[in-house]
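Quick look at what TrEMBL annotates:
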type	residues	note
BINDING	His6, His8, Glu91, Asp210	divalent metal cation 1 binding site
BINDING	His135, His160	divalent metal cation 2 binding site
Amino acid sequence: MLVDSHCHLDLATGGGDPTTLVEDARRAGVEYLMSVAVDLPSARNAIGYAHRFDGVFATVGVHPNARLATEPTVEEIAELARDDRVLAIGETGLDTYRNQGESEAELADNLAAQKERFRRHVRAARHVGKPLVIHSRDAREDVLAILEQEGAREVGGIMHCFVEDWETAQRALDLGFHLSFSGIVTYKNAVIVKESARRAPLDRMLVETDSPYLAPVPHRGKPNCPAYVRHVAEYIAELKGIDEEEFFRVTTENFFRLMGSPVANG
């Protein structure tokens, strides 16, 4: 039994029917999926999928790089997140990598807007008592600072697609967050990620695909799908010298313990 703690069913299907993806995942032993939102329309899609398919859950949030005409308020985020199939708030956070090439003034304005959006998500998470799904790219110091300042340890959450060094991992763990590893850990040159996965405490680890992106070896370069989270889990189990089935079981338990939702309710 496995959980793909972070996938994008709507992006993988263009907002269409994810039945094949869900069925393929189940055949691979991936019985639970969390379809993660990148804006409010995708959150509504994710909620729809979660009500349609047993074992599928949703999040509500706006990706740091999403371009919006109007920013959602804390209450608007919280209102959607009160649905009983929504387990978390996100993905949210900061991403300066994708803004390269902008002028200094544009970069500063963009980062300020991202920070304000991020803070609203943390406040919404605390408001509804649900954990966060954090996107952090080339912004780890600011991300960790905002999580600390906004009291995110009250709800905890997931450091999605974790690729940072062990020092950063420890700081995230100290804030009450779990580390979720994607197909990147299977890549030959991902030395830092492998070391963090090797050293991470077993009871704070999750696995994900971030599908349709970042397909693991042996599917690298192809569209990713939730079924492939099995490759990520198998790789990390071997990396840590742990029995595969034990790793599958523990990461599944970690997910449901964090989300406050027993497996029986899936």
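Every residue gets a Cβ built from N, Cα and C, even glycine.
Remember, it's a predicted structure, so these values are computed and weren't measured experimentally.
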Which has the fewest other CB atoms in a 10 Å radius around its CB: His6, His135, the listed binding-site residues?
His135
Determine, to the nearest whole angstrom, how far the Cα atom of Glu91 (divalent metal cation 1 binding site) is from the Cα atom of His135 (divalent metal cation 2 binding site).
6
Give me the long-range Cβ neighbours of His160 (divalent metal cation 2 binding site): same chain, 6+ apart, Cβ under 8 Å, in sequence order.
Ser5, His6, Val36, Gly90, Glu91, Val133, Ile134, His135, Ser180, Glu208, Asp210
Ten-angstrom check, please: count other Cβ atoms within 10 Å of the Cβ of His8 (divalent metal cation 1 binding site), all chains counted.
24
What does DSSP call His6 (divalent metal cation 1 binding site) in the simple three-state scheme?
strand
